[in-house]
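Q: Pasting a structure here, questions to come.
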Amino acid sequence: MGMEVAAARLGALYTTSDYASVVSINLFVALLCACIVLGHLLEENRWVNESITALIIGLCTGVVILLMTKGKSSHLLVFSEDLFFIYLLPPIIFNAGLWVKKKQFFRNFMTITLFGAVGTMISFFTISIAAIAIFSRMNIGTLDVGDFLAIGAIFSATDSVCTLQVLNQDETPFLYSLVFGEGVVNDATSIVLFNALQNFDLVHIDAAVVLKFLGNFFYLFLSSTFLGVFAGLLSAYIIKKLYIGRHSTDREVALMMLMAYLSYMLAELLDLSGILTVFFCGIVMSHYTWHNVTESSRVTTKHAFATLSFIAETFLFLYVGMDALDIEKWEFASDRPGKSIGISSILLGLVLIGRAAFVFPLSFLSNLTKKAPNEKITWRQQVVIWWAGLMRGAVSIALAYNKFTRSGHTQLHGNAIMITSTITVVLFSTMVFGMMTKPLIRLLLPASGHPVTSEPSSPKSLHSPLLTSMQGSDLENTTNIVRPSSLRMLLTKPTHTVHYYWRKFDDALMRPMFGGRGFVPFSPGSPTEQSHGGR
């Protein structure tokens, strides 16, 4: 009898939890639909973009749920790092890698790496040192040096997702490749820094610890990139050799998706940077694999990846908006509201200073290495780069939850203040800085005010930038160029020289093996077949 009662209770418990999850999924899907419709209606608005729309809808929903539950809860789902890092982030970063203009990206690769890796380090040290100096005197709670260093890593992570929506790849290709490329490297660097800090003895810091830390960082950076490139090349080789598309377009698309996801999960399994891995996997797939699939698969992959990325982005901002009003965290931090506001303001100021501390000096250094005036970063562009990278997003929130909570909850006053301050900074920076970025670009760079395509952020318009990017990166214009000696070329124009020799190596060895534009042999149902029945 007792067993039956226990079983019945257990059944009732499961039914209740299942019902709650069904309700929350229903609500989220309905809100996603609302975000898409509102985003479309506000497409031409100069202030608001889709991420801000989703944040506002999330906040409004949080308020409604708070009122309905009489102030007990504002969210149906507790912010979960696993949900964010395993399901939402990979499609966004992969899609960005797949359609980034490769020629622009690799032409500015040294500057991107300088900003993304060295810049993040400068920002990390600036914020950490200032946090130690200021917060240790404020009697926040039981926070130690490790916590302050973690704050430096958390607030060094820019929001590359919001950058994608604020900047336009066609209006400002140079700025887009620089800010977005830096954002991806920056996110990866921040996460690597954050994870490395958890594993190091921070009490006895000496030269050996610092060198080990830097060695670990470069190992993660290079091995993550290598894994992404390997996964991309493997997918290209399999699809080229087996001609999967001859029998099934669905299998080709599924294989591309799963290989990319596998590269991300493998990186996480090996404690590498999944963000870097999946980004470079996307770049390699766009260079080789995409040309090996059938015509109909190309159209399908283009829209499928763009749609997945778009839904993940919208869901993410909705989620952050709803979670921001979680009443439990605010109650722990609310006994001294003045202090919470003060800490949030200080952190915002540190974000501004930390970014300025590397954007302007590193731009100056980058300009010293460039001879041509059109390749230099102008003062106005530097201001836009500084401003566009001020937004903090879900990476910051996920890292803060990792550090200052256990399974989404915290009982410690200092930790609650840090969580609420992170949420405040994320909301303020995304809403205010995000809203002001487009007008700022129009003000500082008036020439870029005429878009080439009307709707760059929506999946349907990805086709035109895609075509230009593919042709721009894959066709080398070698006419009317007098080739000087290799050594002289390398000394005067290192980027162009590397690009020239890479093209020779690519055409001689890589494309015959892995396929790519113009290197896929004819076969019935293969990409080179002229019929367009797949469309």
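Heads up, the Cβ atoms here are built off N, Cα and C, so glycines get one too.
No curator has checked TrEMBL annotations; they are predicted automatically.
Copying in the features that TrEMBL gives for the protein in this structure:
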- 20-42: transmembrane segment (TRANSMEM)
- 30-441: domain 'Cation/H+ exchanger transmembrane' (DOMAIN)
- 54-71: transmembrane segment (TRANSMEM)
- 83-100: transmembrane segment (TRANSMEM)
- 112-136: transmembrane segment (TRANSMEM)
- 148-167: transmembrane segment (TRANSMEM)
- 174-197: transmembrane segment (TRANSMEM)
- 217-239: transmembrane segment (TRANSMEM)
- 260-285: transmembrane segment (TRANSMEM)
- 305-325: transmembrane segment (TRANSMEM)
- 346-364: transmembrane segment (TRANSMEM)
- 384-404: transmembrane segment (TRANSMEM)
- 416-436: transmembrane segment (TRANSMEM)
- 452-471: region 'Disordered' (REGION)
- 454-469: compositional bias 'Low complexity' (COMPBIAS)
Q: Okay, the transmembrane segment (305-325) and the transmembrane segment (20-42): do they have at least three CB pairs under 8 Å, pairs separated by 6 or more?
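A: By the criterion, they touch.
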Q: Do the transmembrane segment (346-364) and the transmembrane segment (260-285) share at least 3 Cβ pairs closer than 8 Å, excluding pairs fewer than 6 residues apart in sequence?
A: no
Q: Can the transmembrane segment (112-136) be said to touch the transmembrane segment (174-197) if we require at least 3 CB pairs below 8 Å and skip pairs under 6 apart in sequence?
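A: The answer is yes, given that the two segments have at least 3 Cβ pairs within the 8 Å cut-off.
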Q: Sort out for me which stretch, of 148-167, 260-285, 416-436, has the most Cβ pairs below 8 angstroms to the transmembrane segment (83-100).
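A: Top-ranked stretch among 148-167, 260-285, 416-436: 260-285.
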Q: Counting only residues 6 or more past its boundaries, what in the same chain has a CB within less than 8 Å of a CB in the transmembrane segment (148-167)?
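A: Contacts of the transmembrane segment (148-167) (Cβ under 8 Å, skipping residues fewer than 6 from its ends): 49-51, 92-93, 96, 120, 123-129, 131-132, 135-136, 175-176, 179-180, 182-184, 186-187, 189-191, 193-194, 197, 202, 313, 316, 347, 350-351, 354-355, 388-396, 399-400, 403, 418, 422, 425-426, 429-430, 434, 437-438, 441, 457.
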Q: Checking distant contacts: for the transmembrane segment (174-197), what same-chain residues at least six beyond its ends satisfy Cβ-Cβ under 8 A?
A: 93, 96-97, 100-101, 104-105, 107-109, 111-113, 115-117, 119-121, 124, 146, 149-150, 153-154, 156-160, 163-164, 167-168, 213, 216-217, 220-221, 224, 271, 273, 275-276, 279, 377, 381, 384-385, 388-389, 395, 399, 402-403, 441, 445
Q: Near the transmembrane segment (217-239), which residues from the same chain, at least 6 beyond its ends, have a CB less than 8 A from one of its CBs?
A: 117, 188-189, 192-193, 196, 245, 252, 255-256, 259-260, 262-263, 266-267, 270-274, 276-285, 287-289, 292-293, 513-516
